[in-house]
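Student: According to Swiss-Prot, the record shows the following:
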- S173: active site, nucleophile (ACT_SITE)
- C97-C148: disulfide bond (DISULFID)
- C119-C184: disulfide bond (DISULFID)
- C128-C422: disulfide bond (DISULFID)
- C341-C418: disulfide bond (DISULFID)
- 50-81: region 'Disordered' (REGION)
- 417-420: motif 'DXXH motif' (MOTIF)
Amino acid sequence: MMKPQHGGMAGHGGGRTRSPFLTSYALTLAFITFVSVLYFKDFSSTLHQPFLTRPPPHRRQIARPRAPSHHHGGGSSSGGGDVVPPFAVGAAAAAGCDVGVGEWVYDEAARPWYEEEECPYIQPQLTCQAHGRPDTAYQHWRWQPRGCSLPSFNATLMLEMLRGKRMMFVGDSLNRGQYVSLVCLLHRSIPESSKSMETFDSLTVFRAKNYNATIEFYWAPFLAESNSDDAVVHRIADRIVRGTALEKHARFWKGADILVFNSYLWWMTGQKMKILQGSFEDKSKDIVEMETEEAYGMVLNAVVRWVENNMNPRNSRVFFVTMSPTHTRSKDWGDDSDGNCYNQTTPIRDLSYWGPGTSKGLMRVIGEVFSTSKVPVGIVNITQLSEYRKDAHTQIYKKQWNPLTPEQIANPKSYADCTHWCLPGLQDTWNELLYSKLFFP
């Protein structure tokens, strides 16, 4: 501003002699202005964002993660404003919509996502068609939330977002079923020569080599150490949990970018749970009994502490899948009082149905414990929508662990499995919910 003025003064009045005072004043003022400009530029640079070029706040907040790098802060159910969780690629279709509330819609055109024989990773305990199930209707039901829709599962998108990452499921056989379901949903998008699955004791690893990604399952039915930790030989009636000891298992969880926990079925042994104080190697074992809800909360609190100490919410995500219901008494939903899930071919239509085998007390513990976590833990609530699916269990159409007796053969419902689920089927929907929470929170 001063230079034009100073230049004008220099040319004014033709050859008039300049005053030494005016010349000195002009030079001093010009020097001050020059230094001020330099200082302003340096101060702006110090902030790494020049004042006049700072982008609007909303532009900085909605930047989407780029695979494979994820540097966003973690989201939280207790707040977090516009902070985008890691792996998010978009917002939920309808804010405030509870995807766990809705109904099952029969849709032969859109379900199943894959055929049983197309996925070589399904265990024979879950291949219902191969073991003689006469109907396929259980494969064709699509979950429709009330007031919104789930985002369509995109295997290519998920694999791209998992590039260079490690995703791990931790829990029991129901969590393993969900793990296998996810592998089946993804594997067709991976060339045959670029994928593999291996099992190492309690750890199963599926590798998508082109993406340098792994999807893993780790057997830990109680999450804490227990006498049921053998991934194959674990049918123990007298179950004992070693307090809050996670170290044996948790060393395998470290380094995972996405963790998906579950733990419920193995806790359903009665009102009391045996808790070991000390080690399984101790000659004299100190075992106490605790109320199941108290013991369950104790272990989940230990999981929360581990998550807070080991998972960075800026580049990782943690989920907990709620309880999977059973359908062992058909009188619970108004059918023949002597039956169970055997020969059931349609879902329960009563939207208020909640089976007696599903503990609301443990459900409450899940909500209370994970709501205190300093690292966000996403709850994948599969319970209510699964309550309706009395038709989706493996029933008798699976590999049997032991030869059937003549009495069992004469009475199929006596050995029907009303706990586990056929694949493809219900657990694919669980992964649709997980997909929604992971990429469209």
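Quick reminder: no glycine exception, Cβ is built from N, Cα and C everywhere.
Could you place these features in context, so I can see how deep they sit and what lies close by?
Tutor: If you draw a 10 Å sphere around the CB of S173 (active site, nucleophile), it holds 20 other CB atoms from the protein chains shown.
Classification of C148 (disulfide bond) by DSSP places it in coil, neither helical nor stranded. Cβ neighbour count for C148 (disulfide bond) (all protein chains, 10 Å cutoff from its Cβ): 18.
Within the same chain, residues at least six positions away from C119 (disulfide bond) with a Cβ under 8 Å of its Cβ are V180, V183, C184, H187, L423, P424.
Sequence-distant neighbours of C128 (disulfide bond) (same chain, 6+ residues apart, CB-CB distance under 8 A): E116, Y138, T394, Q395, Y397, K398, C422, L423, G425. DSSP assigns C128 (disulfide bond) to coil in the three-state reduction, outside any helix or strand.
The Cβ of C341 (disulfide bond) lies under 8 Å from the Cβ of H327, T328, S330, K390, D391, H393, Q395, A416, C418, each of these being in the same chain and 6 or more residues away along the sequence. For the recorded site, C341 (disulfide bond), the DSSP three-state label reads coil.
According to DSSP, the secondary structure content of the motif 'DXXH motif' (417-420) in residues is 0 helix, 4 strand, 0 coil.
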Student: Using the structure shown, find which entry in C97, C184, C418, C422 (the disulfide-bonded residues) has the sparsest Cβ neighbourhood within 10 Å.
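Tutor: Each of the disulfide-bonded residues C97, C184, C418, C422 was scored; lowest Cβ tally within 10 Å is C97.
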